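The feature region 'Disordered' is assigned by TrEMBL to 55-77, 190-308, 330-349, 999-1102. As annotated by TrEMBL, coiled coil applies to 124-158. Look at TrEMBL and you will find 199-211, 219-230 tagged as compositional bias 'Basic and acidic residues'. The compositional bias 'Pro residues' annotation in TrEMBL covers 249-264, 1015-1035. Look at TrEMBL and you will find 285-299, 1053-1062 tagged as compositional bias 'Low complexity'. Annotation comment: TrEMBL describes 428-704 as domain 'EML-like first beta-propeller'. Look at TrEMBL and you will find 631-663, 714-746, 843-876, 956-990 tagged as repeat 'WD'. The domain 'EML-like second beta-propeller' annotation in TrEMBL covers 721-990.
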Amino acid sequence: MFTGSGSCQGGGVGSATESVRLLCGSAASLSSSRFSVSRGAASCSSGGSKAAGLRAHARTDSAAARRGQARLGSSSPRCVGKIRTEARSVRCASAGLRHGLPLFSRKMDGFTGSLDDSMSGASVSDVNDRLSALELRVQQQEDELTVMKAALADVLRRLAASEDAAAASVTKKHGGKGGAALREAYSMSCITNGGTSGRKRDSTSVTRKETVSSAAKSGGDKKKDARSQMEEIQEGEESPIPKDLSPSPSSPHPPLTPHTPQPHRPTQSGDSSKGHTPIKRGASVKRSSSSGLERSYSSWETSEENRNRLVKAASTSKLLAKVVRTAERHKDPVVSQAKMSTREKNSQAEGNHIKMFIRGRPVTMFIPSDVDNYDDVRTELPSERLKLEWVYGYRGRDCRANIYLLPTGEIVYFIASVVVLFNYEERTQRHYLGHTDCVKCLAVHPDKIRIATGQIAGVDKDGRPLQPHVRIWDSVSLSTLQVVGLGTFERGVGSLAFSKADSGQHLSVIDDCNDHMLTVWEWHKKSKIAEIKTTNEVVLDVEFHPTDPHTIVTCGKSHIFFWTWTGTSLTRKQGIFGKYEKPKFIQCLSFLSSGDILTGDSGGILLVWTRNSADTQTGKGPRAFQISRQVKGHEGSIYCMCEMRSGTLLTGGGKDRKIILWDHELRAERDIEVPDQYGAIRAVSEGKGEEFLVGTSRNFVLRGTFNDGFLVEVQGHTDELWGLASHPSRAMFLTCAQDRHVCLWNSSDHSLQWSRTLEEHGHCADFHPSGAVVAIGTHSGKWYILDAETTDLVGIHTDGNEQLSVMRFSVDGSLLAVGSHDNFIYLYTVSERGRKYSRYGKCTGHSSYITHLDWSPDNNLIMSNSGDYEILYWDVPNSCKLIRNRSECKDIDWATYTCVLGYHVFGVWPEGSDGTDINALIRSHNRKVIALADDFCKVHLFAYPCSTAKAPSYKYSAHSSHVTNVSFLYNDSHLISTGGKDTSIMQWRLVEKSSICHDGHLSNSTSRRADPIFATPPPAPPPTPATQQPDPPPTANGTQETSPETPPPAELAPPASELTPPHSECTPALSDSTISLKDSLEPSDDTATPSDEGLPPFTPPS
């Protein structure tokens, strides 16, 4: 019997080896393992340890049975019969081992006797050594078998998925009659009798209960041991085959196979698929069983317990259950039928709708009809990128001494987290994007090439602090040279200055903390040399003495300090005012050619500080200065001073708005007054020739002379921006802010077309489809209609007394919807090309203020969002009634998409959002991408539709405050974004993948014209083409970000050279307007976005 069983086993192993080799190429190792174990059992019996050998042999046969069943479940239909034969043989051998021990012993006697003859010369110790070696080898084989089991489990999973797909296709093809039989033909394998390759319906089978997903199991079910799990296998039980084995739409069916990415909604495959749902893993499948095995081997099946053990060992349910549990642990968290925590998952799919949770509140969105299977929906990265092209605005309202002219002919200044280099002759802008929050101060190295900029502290979206620091960078290549102060500064960098006497080797920095710490750095080595507390009062300026490298001067509220720096120590000498009136603030300081110090204070007085004669003779101790002269300069504060190349001095006043030129003896030679609409003077700097540059408190940058007056070079808003609207047919956009200004900008030449001041704070706006008029909503409930060409006031209307949050014209311009903070949507009929309005109705039903709304293409329906995360639909022709059955609107392709809640856009929401993270959203006109403005200073770009949770996106940094609004221009060539507290406007160019050259660079070669106001600047030469690198790596700033569950495709993986810059969207080639690739490889480097777009002087507001 032993010989017969062994041959039977050998045939089973051979057939199994052939079938499994086709699947995973691993059968050779399994066959070797089984043969080695058999030899180990024989050796054990020959050494007198027959009982141990029998146990090992039994374990081996049990493992072989499990492997045979695993092969059975994973083999192709051509090999099923062979594997069944192997399983039957294994059962024969196992039964013989358990129930035929006497016969087995008799058969073994002859075998043992021959073995004893061959080992007659071996000692007992040799036998023990061999037994130990064999035991070790058996252990190694068991480890190998464990590895092979895992590989076969993966093969099982893949084959089961293939069977599901085949069953689905056959079901769709035949549908109706015979559907159950066809699904049965593709269901799981079962243990059958016979040796043919085909499946036999009348053979013995194992009824397998439904595999329950791990998400729906209770805690007790998850802790089942192997015995309790296998008790689910009932053998010999007769049960009818169900007519329809497909699960209900809400039944759990975890996606075990990767799906083809579908950035667009999948289309319906046909009418035949409506009546039948594809079979999913985990569906309940029961099979009839017979007693064929008992009839064939009744002499071995005398014990029901042993028979159950054999079936348990040979079953693949363990592997299948483990595969299902593993797959469910790693499946997409968007879809789940089980109850889940809001902290873990933001959304779940239930039947024909999706639920997203915001602050624990469910938001229900219905799945469109053309989506056959939501599990197959995938959102990819967009095919377009953003490149910062132009920055509108300047920060002058609360900063000073932040405008300088560089040898390259560029004016350097900052706004938000961007440092702008603007060439007013060539009409180009370049941008240094290294900072992570508001830039607050700026200093130019004595060589006029290197620049230091300091930023304030901040926090990212996860609440982690962004440390204040100073960045020293090259203004030609825009490469970062050094970053100092990380972990040193507390609140932000208030002011900084390079040393002059030692050619800029050192940098002094004032921290804006309570103690206003003064630090001195050897910035080349990133080394802090000295640190000391200055005062608890505000410090406004710090400067190195131009001829004495060991003297530093600071000034601020009611004080001026003279610091002597020796080694690592700083000693202070306070300035004494004596008989002179002590000012409230010393606003600024400068140095005369004689080495004396000149200060300007809040009373408009210039004070000259001269070093004491005793201190000059001894040269010891702190440098002591005393007032030697006082000159009345301005009415009101003196905010800035600038020493000219000729030795003369420029001072700028606040209240009188005058710029005065002083000679060497501090006699006023000339003066000029800045017009009132530009505000007070905050910064003044020397320009080309006799020109000078002026920055004002109303965020203007002016260029002028005493003879010719001023040209406006840069203009921006002065208060928080919210309103933004793009012209429907021209490259223009309109902004309105809390500064009560409404501005129309030309995005082609970056000029201001017109500006108008309203009586109220503007908050929202929209153009009539004709472009003739624009509607502007305010904070008080009033809304204005302005002529888009002449700025004339067409009409004023009022709806409620609360803030208007959204204005939206219908597609044909016949209706206007006004969303208010009083929870209503007011509707007006529009005629005469937007010049006449009549109240049509009011949409009532929201329980919170209106945030966003959109029209349907036929002008009949409105979709709206509210502050409490509602999505409501309104039937406009039917008296503006609320549509109760929201599923009726699931298939509408809305004319615009600005609502932040909806099936097509819910994937843009970050996990754990509190509902205020997204301020604005807009879909491009070509329906390819979605732009998003968030509360963490970022602009995002998603693919459309975006209907999977944690969808991947590109995100970009430039703003330093919450981004309030975004809008595409009429032709989708550019995106406009507006900042809140930073008052900036950013213009981004959309770059297609096809626009990237083969060498990884993007060409910029568009020139712009200049429109002078008071004088005609020189004609702009054609700009030098710049280049751009391919898109940057997945990071948090300005680059791609993907969710952990959706890794980016391999073709989107960035090269090694792109893995460093954290804030860049391009890395141009080295030139006088771009950054070198070598510099971008440094760990601390941050690159810039060059642009050859020109900026003409801006028109002053009327």
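The first residue you see is number 1, and the count goes up from there.
Including glycine, each Cβ sits where the backbone N, Cα and C put it.
Summarised by DSSP class, the composition of the repeat 'WD' (714-746) is 0 helix, 19 strand, 14 coil. In terms of DSSP secondary structure, the repeat 'WD' (956-990) contains 0 helix, 20 strand, 15 coil. Regional average pLDDT for the repeat 'WD' (631-663) in the model is 94. Listed by sequence, the residues of this chain that lie at least six past the ends of the repeat 'WD' (714-746) yet keep a Cβ under 8 A from its Cβ atoms are 392-394, 397, 413, 415, 422, 679, 697-701, 752-771, 774, 776-777, 779, 786, 788, 964-971, 973-974, 976, 978-981, 983-985, 1095, 1098, 1100-1101. Same-chain residues lying 6 or more positions outside the repeat 'WD' (956-990) and placing a CB less than 8 Å from one of its CB atoms are 384-393, 395, 397, 415-418, 431, 433, 435-439, 458, 699, 716-731, 733, 735, 737, 745, 747, 750, 919-922, 924-926, 928-929, 931-941, 1037-1039, 1063, 1065. Secondary structure counts, DSSP: the repeat 'WD' (843-876) has 0 helix, 18 strand, 16 coil.
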